[in-house]
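First comes the structure, then the notes that go with it.
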Amino acid sequence: MHVPDGFIDAPTSAATGVIAAGALAVSLRGARRELDERTAPLAGLVAAFIFAVQMLNFPVAAGTSGHLLGGALAAILVGPYTGVLCVSVVLLMQGILFADGGLTALGVNITDMAIVTTVVSYAVFRGLVKVLPRRRRSVTVASFVAALLSVPAAAVAFTLIYAVGGTTDVPIGKVATAMIGVHVLIGIGEAVITALTVGAVIAVRPDLVYGARGLRQRLKLRVGGELVDAPAAAPEPAPAAARSHRKLWITGLVTSLVLAGFVSFYASASPDGLEKVAHDKGIDKKEEKHAASDSPLADYGVKDISDARLSGGLAGVIGVGVTVVVGSSVFWVVRRRRTASETAESSTPSSQAV
Amino acid sequence: MGAGHAHRLYRQGNSPVHTLPPHTKLAAAFAFVVVVVSTPRQAMWAFALYAVLLAAVATVARVPAGFLLKRLLIEIPFVAFAVLMPFVAQGERVDVLGMSLSVGGLWGAWNVLAKGTLGVAASVLLASTTELRELLLGLQRLKLPPLLVQIASFMIRYGDVITDEMRRMRIARESRGFEARGVRHWGVLAKSAGALFIRSYERGERVHLAMVSRGYAGSMPVIDEVSASRAQWSSALALPCAALVVCLLGWML
């Protein structure tokens, strides 16, 4: 998916360049928090790993083979900020050294392949790990789903960029169908390999997997034939709030997915009440077409997927996914701000006491 | 390993292009590609002139044409995409050899092919006349964040080490009779990838300790500060300036 020069017009390339630069600045700061002063060598070595693993070919069948893109893998293994950084550095070096991806298209490539894949996969991963039982297996399952969604998400992002600044008037629906269709297949391979790789690392060095940090087992001592919890050196703040919400999370997510994906298969194809009334009374004659009616998800159907039910269901699932990602990021930001202000409040009196 | 620590794309030489400071070359290549991308696609002769300009640079740098053309092969996947364009694009259609092709699609394919090829040629010329270390110094000189440059330099330095480790694992697998033929063998390959990650990460920790024990405190010492004289800048920027003239002509005519 390395975009060459001339594929996306100059203003859009410049805009994505600005986005990429901003995201890189944020992740440089975030990576220092994830890796402290070891950032340079560790992120460099992880980037080298991503670079090498992209060359590892996985045979699919009958002579064809694919390779890993690595955004989801990086995000889960070393954290989202370092992940963005590593994949971006790989893309930068591929562009400058190997002429893989154009120099002016660097912004497009970084936005698409480093930022979107990593952010989407990490958001999905975090959400799933919260929802699933706290076991190692759920980390593997979560990384499967995260990687599965990250690749089509990059394809969607590419389609959007193409819709804004593509240099050819290929109908956007066709681009979307081709890109997303192919990348759903690629995503399946990516998902299997990512999950297996994360599983392999968890089996040997679970402490290295950034996404599995919450899973550390309490140390147990055998005292007189019985297992006793070792006295914790520094008791961690119990994630009570997160736990109590888990059931709610699961129910909400599953319900909305079921509703959006499956029930809409069987939903009535006739227009809903208001639309029907409007049609009967002729008041929709002057209704202007919605500004987004050309978008690939317009009228709740993925364009060019002819089976109406399948298309509606797919659009529903994608919609729920996007909503969950947006909603949880808003929630996350709000909660962070609240906890930050709380810690600030709680820390001020203690500092006065000292 | 016997070939020194130069990457495969670099071509040893002592031409005027090789001796230019790296950041001037980086800036020139980038500016050139920007100019090429913003040229209107109807001005076909402009792209021919760009190709002539690049050929002139290659002659000055004594990079043989065969070397350059072989490196251009990296573009092939997108060529395939460009070939598809005339068939799927909308709009006015023409008949060529009995096939109905879209005019817009043909222009689009030409646009991507011409600009993409020129862009790849410019990066190949840059990479074949500039050493890796110099490239990194040039990036630092161009005010890329130092941490990013450090990460990139570690990636470049250890890329070969990690790739070699992967190759050794492959040889170990193959010498035990393993042959990856299909989906059923993904588990083994993924375990190799996991092992590779652990090795890379642990190597990173060791490298960090080694650096700390040698006095690393967050920034790399710069031993050879590169600087460029006015003459060097002007000779490096001759390429994008000439391209800019062509581009302006292309807009006006």
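From the backbone N, Cα and C atoms, a Cβ is placed for every residue, glycine too.
Here is what TrEMBL says about this protein:
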| type | residues | note |
| --- | --- | --- |
| DOMAIN | A:246-336 | domain 'PDGLE' |
| TRANSMEM | A:40-60 | transmembrane segment |
| TRANSMEM | A:72-98 | transmembrane segment |
| TRANSMEM | A:110-129 | transmembrane segment |
| TRANSMEM | A:141-164 | transmembrane segment |
| TRANSMEM | A:176-204 | transmembrane segment |
| TRANSMEM | A:248-267 | transmembrane segment |
| TRANSMEM | A:313-334 | transmembrane segment |
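Here the domain 'PDGLE' (A:246-336) returns a mean pLDDT of 53 for the predicted model. Within the chain, the transmembrane segment (A:141-164) has long-range Cβ neighbours (under 8 A, six or more residues past its boundaries) at 1, 3, 8, 12, 16, 69, 71-73, 75-76, 108, 111-113, 116-118, 120-122, 124-125, 128-129, 132, 172, 175-176, 179-180, 182-184, 186-188, 190-195, 198, 211, 296, 321. Counting residues 6+ beyond its ends, the transmembrane segment (A:40-60) has Cβ neighbours under 8 Å at 31, 66-70, 73-74, 77-78, 82, 85-87, 89-90, 93, 189, 193 in the same chain. Remote same-chain residues near the transmembrane segment (A:176-204) are listed as 58, 60, 66, 68-69, 72-73, 76-77, 136, 139-141, 143-152, 154-156, 158-159, 211-212, 296, 302-305 (criterion: CB distance under 8 Å, separation of at least six residues from the stretch ends).
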